[in-house]
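What Swiss-Prot says about this one:
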type	residues	note
DOMAIN	38-227	domain 'BPL/LPL catalytic'
BINDING	Arg85, Gly86, Gly87, Lys88, Ile89, Thr90, Trp91, His92, Ala157, Ile158, Gly159, Gly170, Phe171, Ala172	substrate binding site
SITE	Lys154	site 'Lowers pKa of active site Cys'
ACT_SITE	Cys188	active site, acyl-thioester intermediate
Amino acid sequence: MTGSIRSSTAGIDVRQLGSVDYQTAWQMQRDLADARVAGGPDTLLLLQHPAVYTAGRRTEPHERPGPVFAGAAGAEAIDVVDTDRGGKITWHGPGQLVGYPIIGLAQPLDVVNYVRRLEESLIKVCLDLGLETGRVEGRSGVWIPAGSGRPERKIAAIGVRVSRATTLHGFALNCDCDLAAFTAIVPCGISDAGVTSLSAELGRTVGVEEVRGAVADAVCNALDGALPVRDHPGARVASST
């Protein structure tokens, strides 16, 4: 998994946005993908969303939240949006850095390679903050190993779609978000592991602003091959996905 996975040799246009409604960001992705197919640049969107659940194509009915989940007394219910990405259901919201790479992939297409590069970029960001993470075989995303009586915990989720050799959707890194919202769903369809954040693991507040630049650099380097994909010890063979 060396060398660039992109079909273009031009730089990636990184756009660091603020809080963007999910449906607005989804349409932005589609517009950028159309532009990329027409010869436009590769783009990386980095942003946050107001609280929302997004359900991938493989989401089962029992994995969804109930008709209303307020999270806290008096809070507004959280919408559920059905999407065309892979994977199952997850939550997005304040304190979580979401990245949408709109990238033209080189031939032959290798979506697994692409996902591994996204994982590698986030593993590096976590390591640079002093947090060891890795992969779990059979499950996408970035994980904290089990230990000290605690199960494996997902710190970053990945769900993508590739159409016309162009990527949409992407990754979500939990920085300083409210993890309670995950309790209303079966996150990513996985019931035997937990969800965590940089702040929860490092014992200090790690905001989106602190990691956004590092994530942009790491993702661009991983896609271009400057950050090679490596094996990370501690992964186990998952019993289910």
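Positions of Cβ are set from backbone N, Cα and C atoms, glycine also.
This view paints the features noted in Swiss-Prot onto the structure.
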{"residue": "Arg85", "record": "substrate binding site", "DSSP (3 states)": "coil"}
{"residue": "Trp91", "record": "substrate binding site", "DSSP (3 states)": "strand"}
{"residue": "Lys154", "record": "site 'Lowers pKa of active site Cys'", "DSSP (3 states)": "strand"}
{"residue": "Gly159", "record": "substrate binding site", "DSSP (3 states)": "strand"}
{"residue": "Phe171", "record": "substrate binding site", "DSSP (3 states)": "strand"}
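Annotation: Trp91 carries the greatest number of neighbouring Cβ atoms among the binding-site residues Trp91, Phe171 [cut-off 10 Å, Cβ to Cβ]. In this view, the densest Cβ surroundings among the recorded positions Arg85, Lys154 belong to Lys154, judged by other Cβ atoms lying within 10 Å. Using a 10 Å radius centred on the Cβ of Gly87 (substrate binding site) and all shown protein chains, the other Cβ atoms total 23.
Across all of the domain 'BPL/LPL catalytic' (38-227), the predicted model scores a mean pLDDT of 88.
Taken over all pairs of the listed substrate-binding residues (Arg85, Gly86, Gly87, Lys88, Ile89, Thr90, Trp91, His92, Ala157, Ile158, Gly159, Gly170, Phe171, Ala172), the Cα spread reaches a maximum of 16 Å, rounded to the nearest whole number. For the pair formed by Lys154 (site 'Lowers pKa of active site Cys') and Ile89 (substrate binding site), distance between Cα atoms is given as 14 Å, rounded to the nearest Å.
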